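Read through the structure below, which is laid out as structure tokens, and then see the notes.
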């Protein structure tokens, strides 16, 4: 999860997030290289004493600075499109869990377990235990399995919300009257935090998401322990 004064991304807990971090690092390297070359060219132009007033055009140079940026953009776009299609793939999920956004809490429904439904509210500061995270703890966590594809069906009952867990690489809008879906496969057990990422009213900041990822064998025993 995030920590104070963090400059980088959170550690990946899904293959999609691993791909996103790799793509981010590669794009950042390309940006630094381009910025360095531009600054070097500008500084050289400003400091050089060599001038040539007879140059009218430079076809070779113009061709290079037209083709080279196009090649760089293509090299950035291809992995970006690959990750985009990865996030939209729905390949036979093992479990389906429905998440409904409200002002200002979440409702979860385990459709594969007899329609088990429960609400998840933020814990007020007075109810926090030592070591708990302010504005991030909830009374009922959503429990999810690792090493199995899970489909999240996300909607809203009132206004726009967004179900987001950064470490899983998930951010899906909850839209009233519309059922959005996303599939992920978690790779590590643990407790991971997120928040509603769409401004949804006065208490938007008090709408955390807490996912507890557990081994598949334990999850298959039944998610009743979430209550």
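Cβ coordinates are placed from backbone N, Cα and C, and glycine is handled just like the others.
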Select from 15-45, 108-138 the stretch of residues annotated by Swiss-Prot as transmembrane segment. 15-45
What is the total of other Cβ atoms whose distance to the Cβ of residue 207 (Cu cation A1 binding site) is within 10 Å? 27
Cβ neighbour count within 10 Å, max among the binding-site residues 196, 200, goes to 196
Within 10 angstroms of the C-beta of residue 204 (Cu cation A2 binding site), what count of other C-beta atoms is obtained when all protein chains are considered? 16
